[in-house]
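What TrEMBL says about this one:
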{"type": "TRANSMEM", "residues": "19-39", "note": "transmembrane segment"}
{"type": "DOMAIN", "residues": "26-479", "note": "domain 'Major facilitator superfamily (MFS) profile'"}
{"type": "TRANSMEM", "residues": "83-106", "note": "transmembrane segment"}
{"type": "TRANSMEM", "residues": "113-132", "note": "transmembrane segment"}
{"type": "TRANSMEM", "residues": "138-160", "note": "transmembrane segment"}
{"type": "TRANSMEM", "residues": "172-190", "note": "transmembrane segment"}
{"type": "TRANSMEM", "residues": "202-224", "note": "transmembrane segment"}
{"type": "TRANSMEM", "residues": "286-310", "note": "transmembrane segment"}
{"type": "TRANSMEM", "residues": "322-344", "note": "transmembrane segment"}
{"type": "TRANSMEM", "residues": "387-407", "note": "transmembrane segment"}
{"type": "TRANSMEM", "residues": "428-448", "note": "transmembrane segment"}
{"type": "TRANSMEM", "residues": "454-475", "note": "transmembrane segment"}
Amino acid sequence: MAGGVVVNTGGGKDYPGKLTMFVLLACIVAATGGLIFGYDIGISGGVTSMNPFLMKFFPSVYRKEQEAERNQSNQYCKFDSQLLTMFTSSLYLAALVASFFAATVTRVAGRKWSMFGGGVTFLIGAALNGAAKDVVMLILGRVLLGIGVGFANQSVPVYLSEMAPARLRGMLNIGFQLMITIGILCANLINYGTAKIKGGWGWRVSLALAAVPAAIIAVGALFLPDTPNSLIERGHTDSAKRMLKRVRGTEDVEEEYNDLVAASEESKLVAHPWRNILRPRYRPQLVMAIVIPMFQQLTGINVIMFYAPVLFKTLGFADDASLMSAVITGLVNVFATFVSIVTVDRLGRRKLFLQGGAQMLACQIVVGSLIGAKFGFSGVAEIPKAYAAIVVLFICAYVAGFAWSWGPLGWLVPSEIFPLEIRSAGQSINVSVNMLCTFIIAQAFLPMLCRFKFILFFFFGAWVVVMTIFVALFLPETKNVPIEEMVLVWKSHWYWGRFIRDEDVHVGADLEMRGANGNGKLGGGAQ
């Protein structure tokens, strides 16, 4: 056992315990589930900007690109191909469907087996993609990758939120987003290297190396302990108590254990979590499960990350330089995520959301204006190196704003707000909405870039305004609140409180009384 960080849950009960080495290692291993998602986001955009890959699978895009460069024609439209975007976004459609099946596996078999299944499926998809002979094989591989992502994204954030002490839940949960950013960066570096391979088969290496993060999470999952919440949910109460003592590093777990059992008993009364989640008492969680992932994608981040190499190529960078620029944004993404890890449990979720939103909006206005001033609506221009460097600088500032706000918090907040009885269903809705919006934006981005031109940045900027106002008004502060006491946060909120009756609040012996007494520490923020 590691010596420790004493856990004072601040907003809720002061459960005894410390951050043990056991929990830290379990959370690091589980968080590697983010590597597969990140690697894929980074690899797709890089591979689709490699000429040998385009020549083999998407010759019409390659011809259009060559024509655009020869004739100095419209830079906005040269990558516009529905087949090419279908390759990229088929993964997200598969992940959307898979997340619903993952909910059942996560609930019935436990979180770790859902992660294991995701890793194995992703591994098979990586092998198919690396050996692809035609577009059908390529897209079939992408679908298997998507199933893997759906399972991992469904189970990992929930696992991390359940294992972590309330005081450090934000920090440990953001390990998932950190792994996503590391996956993106590794993919960018690999693309930069494989693009230089003579003989035009570098793209195969890029796609096949997805097997490495898949193997890490698949093997790692075998060694992970189950969370106490999951063990209780599946009827293993004695094992759950032993596990709780081990993860908290203390024998004094009776109070927390009783709260977990109370939450589990309540969850057993719910025969149909999918129907139950529609009840008024779960309205705030349902709204957040839909709105937060939708807004996360409408920041426009995946547009930047998917297509960073394509975007930089459009700005007039050479092939190599465009991949290098993507590496730069990848590095910014990783380091800015550390800012979130350090601050999320001190400053809280709301402050990071609001600051990040303001920074992203400013950067989108500047980038849109700079690109618009040069390319205009014709899409034809020569951009000086210094000018392009300024565009990259503001794109990096935008990525940083996202990486310490909507990036990690878009996964953290939905994973920590659901009561046990609807947790698997709620997380599935969160993942599926995220994947659906990613799919729609991935399908629509290149046609929109072709038609909207630089106005596209202002389009996403307008959404950032909407989401920042939404957070300011409707998202209460959830830092330091034990996960099974989160109902008190919603009960004391100025708007959501109307959906939750007093009799709906019964997590443990004295919570109802404390909720009625209006514990001011709970659910700070817009109340």
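Glycine too: its Cβ is placed from the backbone N, Cα and C atoms.
Highlighted: of the candidate stretches 83-106, 172-190, 202-224, 322-344, 428-448, 83-106 has the greatest count of Cβ pairs under 8 Å to the transmembrane segment (138-160). Between the transmembrane segment (83-106) and the stretches 19-39, 172-190, 202-224, 428-448, 454-475, Cβ pairs under 8 Å are most numerous for 428-448. Long-range Cβ contacts of the transmembrane segment (428-448) within its own chain (Cβ-Cβ under 8 Å, at least 6 residues beyond either end) map to 79-82, 84-86, 88-89, 92-93, 95-97, 99-100, 102-103, 146, 149-150, 153-154, 277, 286, 289-290, 292-294, 296-298, 300, 302-303, 306-307, 410, 414-415, 456, 459. By the Cβ criterion (under 8 Å, sequence separation of 6 or more), the transmembrane segment (322-344) is in contact with the transmembrane segment (172-190), since 3+ such pairs are found. Under 8 Å from some Cβ of the transmembrane segment (387-407) lie the Cβ atoms of residues 177, 180-181, 295-296, 299, 301, 304, 312, 315-317, 325, 328-329, 332-337, 339-340, 343, 352-353, 355-360, 363-364, 366-367, 370-371, 374, 467, all in the same chain and six or more residues away from its ends. Non-local neighbours of the transmembrane segment (202-224) in the same chain are 26, 29-30, 32-33, 35-36, 38-40, 43, 46-47, 50, 52-53, 111-113, 115-116, 118-120, 122-123, 125-127, 129-132, 141, 145, 148, 152, 159, 183, 187, 190-191, 193-196; each lies 6+ residues outside the stretch with a CB under 8 Å from one of its CB atoms.
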